[in-house]
Amino acid sequence: MTMWQSGGMGGHGSQNNPWMKLMGIVHKERRHTDNVQSQSGSNERNLNQSLPKLSSQDEEGGAGHGFGGGPQHFEPIPHDHDFCERVVINVSGLRFETQLRTLNQFPDTLLGDPARRLRYFDPLRNEYFFDRSRPSFDAILYYYQSGGRLRRPVNVPLDVFSEEIKFYELGDQAINKFREDEGFIKEEERPLPDNEKQRKVWLLFEYPESSQAARVVAIISVFVILLSIVIFCLETLPEFKHYKVFNTTTNGTKIEEDEVPDITDPFFLIETLCIIWFTFELTVRFLACPNKLNFCRDVMNVIDIIAIIPYFITLATVVAEEEDTLNLPKAPVSPQDKSSNQAMSLAILRVIRLVRVFRIFKLSRHSKGLQILGRTLKASMRELGLLIFFLFIGVVLFSSAVYFAEAGSENSFFKSIPDAFWWAVVTMTTVGYGDMTPVGFWGKIVGSLCVIAGVLTIALPVPVIVSNFNYFYHRETDQEEMQSQNFNHVTSCSYLPGALGQHLKKSSLSESSSDIMDLDDGIDATTPGLTDHTGRHMVPFLRTQQSFEKQQLQLQLQLQQQQQQQQSPHGQQMTQVQQQQQQLGQNGLRSTNSLQLRHNNAMAVSIETDV
């Protein structure tokens, strides 16, 4: 890849100059003296055929006639061309030069398809112009040169480079590979129900950002979740507990906490209202979901089910307790069996009540922060596994060491190696409760080493976890900013030389209205060559079709005929009309030189700007 600048006069650029083409034809005609009239008509036909096909491969033209460095034209080569033809790409003033063979490796992209990139060709400078990000194009061009490797420059933002990939039409495969290299987790497709009413209900309960009503439903859901958690905590206060009296002996009683709630308890009634909302929400979402199997596999939906199951188990226990209070004949039960059954029931009820705390995870459905934390832990599972593994090794090592170091001490707290596990965990995590401490000299040495090892063990994977959290957090905030703001990226103008020509026509000092090339007039859709994806003929090459050039050539041919007549034995002196024609020809040449001078000045200004 090389950056390229050109300008000035003379050199090899004159070989594909349209003015050299014209002058070459004129000088060629001067060498023929026979059949002037027929030769003139033949030259005009040759002009009509040669003007559209000006290319860098043309060997005709006068390279040494002083008109070099003018507007250059070339014929875009189809994508199956295997020559090392070089092409110049101008990206916001920075020129890149590469081979067409390099671009043709990816014919489905913007730069690899001649029909697509043709819109951005500037025939005045013989280059493709793109008003896009210059730092990004280094990576875009390297994508073609390396055969498909795409790397984002460090000084280019992520959103800018993503837009450049879309503009140059590198394809979905390149975009997915780029997002994977950048660490993006592939977003799962979330299909919507086909039924319109079902879709509205699904959006109402599943996507709070879809409508104002969906936001209201989300707010109600968050309020009910918080209320349920508050009730779960408050009912454990001694002021709100209710107790049950048991007769343990003939003259004694025993008071214990009643694990079975009372139906008339206000906390139980509020809990019932919360469960009604949770059940209604879960049922509606299940009926409206597009895929029932995926709905049951979702972790958040499993948490919703677990959050409401304890209530129904508790309700069944209450009903069973009410039946026990009825005076019904029952089989005699021994006191030991009765106490064991009660202990088992109480343990089950306590576990069920503990499960209610999982309702707090329902907030993650409405909290971006909890979602980011979950993604961080999921992405850091390897580091967390290493942390647990290192802690396990340290606990086993130092608990064994402190046990044998304190074995000779009378007041040792370490009666066995498993008893020392707790001390090792507390010490390595730098918590240090102080309930178990080494008392001997060697025990304190082991304790010091345990603290140092714990600090190093925990400190190693923590930066990786923090880095993952920062990554997901910034990615989430950047995505929200991109969604909230509409970025209008500047796109390159098609047919830029035509627009430039219209501007130059208005400001030109020349009286001729056709001395500036108009690209729109040079389109020939009937010539076979390039075709688009629908099979329609595209423009196979760029051409100029200017009436001034044809008139100029006709004047030159007429002057040639008159000079030949004067050299003949019956020649006469030039008339006043012939002198006027000659004067018109000279004026035309001066106008041509003026156009050439303006073009060279424009090229010089462009080069100075690039430098």
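Each Cβ is built from the backbone N, Cα and C atoms, and glycine gets one as well.
Here TrEMBL flags 32-75 (among others) as region 'Disordered'.
The compositional bias 'Polar residues' annotation in TrEMBL covers 35-55.
Feature annotation from TrEMBL assigns domain 'BTB' to 85-185. Sorting the domain 'BTB' (85-185) by DSSP state (H, G, I as helix; E, B as strand; all else coil) yields 43 helix, 18 strand, 40 coil.
Under the heading transmembrane segment, TrEMBL lists 216-237 (among others).
For 267-287 (among others), the entry in TrEMBL reads transmembrane segment.
Within its own chain, the transmembrane segment (384-405) is flanked in space by residues 377, 414, 416-421, 423-425, 427-429, 438, 440, 442-443, 445-447, 449-450, 453-454, 457-458, 460-461, 465, which lie at least six positions past its ends and keep a Cβ under 8 Å from the stretch. The annotation transmembrane segment is assigned in TrEMBL to 384-405 (among others).
Below 8 angstroms of C-beta separation, residues 376, 380, 383-384, 386-387, 390-391, 394, 398, 401-402, 405, 424, 427-430, 437-438 of the same chain, each at least six residues beyond the ends of the transmembrane segment (445-466), sit close to that stretch. If you look up TrEMBL, you'll see 445-466 (among others) marked as transmembrane segment.
TrEMBL lists 564-587 (among others) with the feature region 'Disordered'.
Taken from TrEMBL, the feature compositional bias 'Low complexity' applies to 564-586.
TrEMBL lists 592-611 (among others) with the feature region 'Disordered'.
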